[in-house]
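Notes follow once the structure below has been shown.
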């Protein structure tokens, strides 16, 4: 047992030493060599042996202090925190890892925001250039066919980016054959080419053709808003065909989309070009939804290279098999144009380039950033087209059309909620509630500890020894 001289030599303050209490030591407490002792100081509790901490534990046990566990006094909490302190090397490593994680997340978010701007701008530009092209050349199917042919360039663009960004050197033919495994282990054959590509190419052409026909009847704002209903149709088809999870909030969003469609058709009294234009825009959204559901069903696990290969293949199919349709429309005088030199090639090439850029951004953006941001970019085309229509074309929007557009956009946003949004929200609220309760408990603990410290300093603590 430590003597008074030893305490003085160690530089601590003098203390009062009691005789060992062999019958009153606490259960679970380790007994120092030579017996237990309770040592008191006249000024500071730091100059004591383990006795004061034993007595403090006894006080907390007897008084039933809130949150007390035996052997867990304030001094031991401090010791425990010091014993579990991390070394400087581990702290540096953890800080470096967290910094890299935050940097990667920030870059991904910034890239996503830039992608949103590009997607929205390209889609607004496509819609507005179509309206300009119709002023001098009103042949929607020929425009759709000409623009779809540009999809052939998607795979060469992908291969160029692949060569620049990776060290793996493959010839274009080797890369093309590697991506052809999308059609099966044997690669692409003529039978598989027609069987897999024909349905998607027909749906692609119908979507674009109906969208262009709707732009002849309605403003760009109305058509882009109605096209956003494809998100609701994708959910309904996925729920029915793919047996996706049922979500009440998405049913509400689908009802809102249908309500917006009805209000848009009612704006001019269910007659005239307005009603036909709404029907054409809804038809375009429906074929787009069917295309996306079938793509998810048959090609849902495709990577970026395989998607680029598939889109280029559809471009070839469009060039080879659908070229007869514009010729039939030309000779039947349904879509008649003059000489090739009289065509507005500038507008048509600009339109095809913007449409190609939109398709590339959508498919690449899903891989490089968050898919929800790409959907938001499509939605932002609605206010973008509205700004152009209002400032350039001086379009006056009716209250009914504005309300319908807002309802459709709100339903689109509800569709973007994740499947586990309800449980995630509940966990977030529970975490906040637990955090508040912990902070309140820590405040009570700190105030009680401060009160006990002041009582010991004033010498007013009574200690039962039995």
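Each residue, glycine too, has its Cβ placed from N, Cα and C.
TrEMBL tags one of the stretches 165-187, 395-417, 418-440 as transmembrane segment, and that stretch is 395-417.
TrEMBL lists transmembrane segment at one of the ranges 76-97, 274-295, namely 274-295. Ranges compared are 248-267, 348-367, and TrEMBL records transmembrane segment for 248-267. Note on TrEMBL: of 73-95, 119-141, 142-164, 188-210, the range annotated with the feature region 'Disordered' is 73-95. Checking the ranges 46-65, 106-125 against TrEMBL, the transmembrane segment annotation falls on 106-125. Counting only same-chain residues 6+ beyond the ends of the transmembrane segment (248-267), those with a CB under 8 A from a CB of the stretch are 222, 225-226, 228-229, 231-232, 235-236, 274-275, 278-279, 282, 398, 400-401, 403-405, 407-408, 410-412, 414-415, 417, 421. Where the transmembrane segment (368-388) meets the stretches 106-125, 137-159, 274-295, 307-331, the count of C-beta pairs under 8 angstroms peaks at 106-125.
Between the transmembrane segment (307-331) and the stretches 106-125, 137-159, 193-212, 224-242, 274-295, Cβ pairs under 8 Å are most numerous for 137-159.
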